[in-house]
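Q: Before I ask anything, here is the structure I am working with.
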Amino acid sequence: MRIIVVDNYEEMSKKAAAMVASQVILKPDSVLGLATGDTPIGMYKEIINIYKNQKMDFSKARTFNLDEYYGLNRENPQSYYYYMMNNLFNHVNIDKNNINIPNGMADNIEIECKEYERKIDKAGGIDLQILGIGVNGHIGFNEPNISFESETHLVNLNEKTIESNSRFFSSKEEVPTKAISVGIKSIIHSKKIILLACGSAKSDAVSKTINGKINPNIPASILQLHRDVVVIIDKEAASKLNLK
């Protein structure tokens, strides 16, 4: 696990974007695992800037998003499909047929989850997975005490997660209580992982992920076992780390 501590959010975003750009430039048909939320927005903006400077070509790249709210249609501004289109896909030359995001409105969620897992396998797995981390240590929507053997599945969202995500909605009551998420087993099979965190609110989760014991109560702690993880965090998120 390589840990990069930067001064601020902007620097974190630029470093992460440069790594994604390098991946796509070196392997144009890369399979990218993408995350949503506040943390990666700056990274996506930087990726768009690199693309506009004609240094990236997304035409052969394939993407798989980590998760999607259950019960939100794609046109809903809070859906992750809407988020990805608005923050990245509508601004680069990616083939829309190469975009994969779980369908939160699927009639049969079990089939949707199995099919999503099959698509990842058929693509050859994820070359580069981007992750954020929740204040409770979740990655994707894999909440505390999730099985490390989990694949894509329907999740009951933790109260902390609902509370945290309520800032995106008019009220807490509007926040979906379930989501489809790629599982821990699927994430850990990615060839390379970049974990992003910014701000003091994430410092406890970051510390437990890196310095603590591997524990299902901190889902991100399983990343300690991965052979190629880069953690990019600002000074506030790193404030509780023991880097000796």
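From the backbone N, Cα and C atoms, a Cβ is placed for every residue, glycine too.
Residues or ranges marked as active site, proton acceptor in Swiss-Prot: D67, H138. According to Swiss-Prot, the active site, for ring-opening step annotation covers N136, E143.
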Q: Measuring Cα to Cα, tell me the gap between N136 (active site, for ring-opening step) and E143 (active site, for ring-opening step) in whole angstrom.
A: 8
Q: Could you state the CA-to-CA distance between E143 (active site, for ring-opening step) and D67 (active site, proton acceptor) to the nearest Å?
A: 12
